[in-house]
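Q: First the structure, which I've put down as structure tokens, then a few questions once you've had a look.
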Amino acid sequence: MSVATAEPRPRQHAARRPAGSTLTGTGTMIRFILRRDRVRLPIWIGAIVLSVVGSLPTFTETYPTAADRQARADLLDNPATVALTGPGYGTDGDDYTFGAMTANELLLWVAIAMALMSILLMVRHTRAEEETGRTELLRAGVLGRHAGTTAAFTVVAGANLLIGLLLGLLMPGALDELSMSSSLLFGAAVASVGLVFTGVGALAAQVTEHARAATGIGAAALGVAFALRAIGDVGAEALSWLSPIGWAQRTKVYVDDRWWPLLISAALTALLMAAAYATTSRRDVGAGLVQPRPGSPRAGKDLASPLGLAVRLQRGGLLGWGVGLLVFGIAYGSLAPSIEEFVSDNSTLQDFLGDAGSLIDGFMAMVMMMMALLAAAYGLSSMLRLRGEETSGRAEPVLATAVSRTRLAASHLTVALGGSLVLMLAGGLGLGVMAAITLEDGGMVGKMLGAAVAHLVGIWLVVAIVVALFGWAPQLVALGWVVLTYGVVVGVLGGFFQFPDWVTKISPFHAASSLPGGDLGTVAVVIMGVLAVALIWIGLLGFRRRDLTTT
Amino acid sequence: MTPAIDVAGVVKTFGTVRALDGLDLRVSTGEVHGFLGPNGAGKSTTIRVLLGLLRADSGTVRLLGGDPWGDAVALHRRLAYVPGDVNLWPNLSGGEAIDLLGRLRGGLDEKRREDLLERFDLDPTKKGRTYSKGNRQKVALVAALASDVELLILDEPTSGLDPLMEAVFNEVIDEWKDDGKTVLLSSHILTEVEKLCDRVSIIRTGRIVESGTLAELRHLTRTAIAAETTRPVTGLDGLPGVHDLVTEGDRVRFSVDTAQLDGAVRHLSGFGIQTLTSQPPTLEELFLRHYGDELAAAEVGASS
């Protein structure tokens, strides 16, 4: 036997070819994502940048004198407002700058918008692709295991940084008082929140098999981040230091300009991405961390109608939202005593307000408004499930049985309307019970539940708009989100921007906005109710008359 | 007796695409009707019109004596449908989906359900997304076949099934046929259609180009003949319906229009037939005759 031939030799062609890594193909994937989102990305970036930059010039009109600004600053300095928007920096003294105003009033909302953008886009380009099976097709080609996640992260992180940069460059031009260096920090601060939630989205996409659930996990994380800073800002500040939004606010941008809190965000983003990569290396394509369990071989009694199906499909989501709103209510209800204390400690305010009651009512009304917006977001997404069933082809076999179009649509409509009722009751109950305990005032429960119910017609109107779109222009159903966004901007930022009356009043969430404490806009409620019924009727009529679309 | 399906002059457009262009389709009660055509010819569009999921722009559509658009719910109690691309609910098990679809139609035959699950070898406890394409199709098949209906509409039902399951499917459809039930079977698998169907309609770019019993359609095709004779054959090229004639000494090969087969064989016998092989016409041949040019041009028709 020859010794020389026993020596193994590396095969020549293998050595010549690039070995490839888990990142092979990332560049191609980045271009692919940019191509797919060539409309979506500019819309997100443009909408966020333009709404911030566009709103800045109004500051000088709404708050022309130092005294006007100081009056606004004084309004911020109470636990009710702090819980909603964050700690007010630079409000002491007698020079409340436009910069401090921008940071105190806008930073939180811009950060939330960017966090939402990041979660949605990240899940869209990772888990959603995997769920449809398209990832499998790509991974069968020359594509590294981490290329997809890396490309999605690059694009979404890039979008966040671009928004931050554009804000930094454009904000000084829109409002002279804002310096370039501080504005860049503002941009970096909101981008840092977006980056953290890009990481959250990447990790959430690893945990579950379903894109919808991944988005839900991301949104829940955002809710936790919001609640932590709310409770922390009012009292236990340590909690705010657990929240990415808290870090962004603690840059004290335009007042102290501290960059270092953003290092924590950067570190957390890196950690989240590392966790996402580690998970990708361990799991199968298409699988999540949670393995699906076998189901029942027979359907239960409730699964015998389109409504039974709609409930079955949506009950998990409704449960998640319900727990979320309940916790949200409890968290904010627990803040009520801080407001009471604040007023009794402050004799000038006491003379002005009479007692703590009206400040608490105002606070509760604001919390109710946010709950209503959340419940409407649920109602919207729940109604959009019907469109999802249609485009996925799952509505087709159902409609080929003895189920009419109207019955199928009505089943999802019932879940959307009933689900938003459940959510408002859960949130109102959490808020009311917690406020009743902490304030020792049993009447709070009834008051909050009443306010919760009063908001329903407005919420249902948003759902009704989606039904009408679904019937007549199904490809435009997503416009429902525009209506909701309008409600958010007007409802949450209206106090600051002082919009013209009619702008505020056409929001579906205006009629019940002063409850508890104030009066319900009865006429508006009746009009909205009639409008909602009409839109639903028109929508169902349209669905009966149009072709079913399947992609 | 009213035909189970009676479609006349149906036009359906999507934007500028004319998916159905004056389609006529007639399926008698009790027959298994093959609906043949390549991808994108308009098979699925036709079926969706029949189910009232799409509305025809013009023409008349009658299904089980009713109007599929207006009386959808009532008619759907009497039919079952298996889509070509079955998409199941990710969080529902196969068994739950079967029960749900059956109950929505008005009830399932429990014994048939059990029997079909066993014959199709389907695990009903798996969740929607964990099924393979073929198994998703089986879920839809069991849901449809376990119900007590008059009409079965199947859109390429075997495209994901393995040969073993295809055989089971053929058996089950034969049983349906024996019960006198009507089946519309869309397919592009010719052998399947030849095996199962009484009548066949061939669709091309939204129009029916051939329709009839298999025997009638065979009539339109040519039989391939190869023979050895004691004396060299002459005069064959003068006969009507003879094509592609090749003569090599005492061997001869040609194809002949099936209608002229008798004359050609009679002529051959005059030269002393030693051996004779004849290849019966296949649907494939007919199919290729209608689509050959299309295959070559890779013409993209209306989306199905």
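Here the Cβ of each residue, glycine as well, is placed from N, Cα and C on the backbone.
Automated prediction, rather than curation, is the source of TrEMBL annotations.
According to TrEMBL, the protein carries these features:
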- A:1-22: region 'Disordered' (REGION)
- A:41-59: transmembrane segment (TRANSMEM)
- A:106-126: transmembrane segment (TRANSMEM)
- A:147-171: transmembrane segment (TRANSMEM)
- A:183-205: transmembrane segment (TRANSMEM)
- A:217-239: transmembrane segment (TRANSMEM)
- A:259-278: transmembrane segment (TRANSMEM)
- A:318-339: transmembrane segment (TRANSMEM)
- A:359-380: transmembrane segment (TRANSMEM)
- A:413-437: transmembrane segment (TRANSMEM)
- A:449-472: transmembrane segment (TRANSMEM)
- A:479-500: transmembrane segment (TRANSMEM)
- A:520-543: transmembrane segment (TRANSMEM)
Q: Would you call the transmembrane segment (A:520-543) and the transmembrane segment (A:318-339) in contact, using three or more Cβ pairs under 8 Å, pairs 6 or more apart in sequence?
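A: Judged by the Cβ rule, the two regions do not touch, with the required three close pairs absent.
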Q: Where else in the chain does the transmembrane segment (A:259-278) make close Cβ contacts, counting only residues six or more beyond its ends and a cut-off under 8 Å?
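A: Residues 146, 149, 153, 185, 188-189, 192-193, 195-196, 198-200, 202-203, 205-206, 244, 247-248, 250-251 contact the transmembrane segment (A:259-278) from elsewhere in the chain.
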Q: Given the transmembrane segment (A:106-126), which of the listed stretches A:147-171, A:183-205, A:318-339, A:413-437 has the most Cβ pairs that are under 8 Å apart from it?
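A: By Cβ pairs under 8 Å, A:183-205 leads among A:147-171, A:183-205, A:318-339, A:413-437.
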Q: At least three Cβ pairs under 8 Å linking the transmembrane segment (A:413-437) and the transmembrane segment (A:147-171), pairs spaced 6 or more in sequence?
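A: Contact absent: fewer than 3 Cβ pairs fall under 8 Å.
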Q: Is the transmembrane segment (A:183-205) packed against any residues at least 6 beyond its ends, judged by a Cβ distance under 8 Å, and which are they?
A: 102-103, 107, 110-112, 114-123, 126-127, 130, 149, 152-153, 156-157, 159-161, 163-169, 171-172, 211, 214-215, 217-218, 221-222, 244-245, 247-249, 251, 253-254, 257, 259, 262, 265-266, 268-273, 275-276, 279
Q: Can you tell me which parts of the same chain pack against the transmembrane segment (A:359-380), counting only residues 6+ beyond its ends and a CB-CB cutoff under 8 A?
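A: Counting only partners 6 or more residues beyond its ends, the transmembrane segment (A:359-380) has Cβ contacts under 8 Å with 78-80, 83-84, 317-318, 321, 324-325, 328-329, 332, 335-336, 339-340, 342-343, 349, 353, 416-417, 419-420, 423-424, 427-428, 431, 435, 439, 447-448, 451-452, 455, 458-460, 462-463, 466, 480-481, 484, 487-488, 491-492, 508-509, 512-518.
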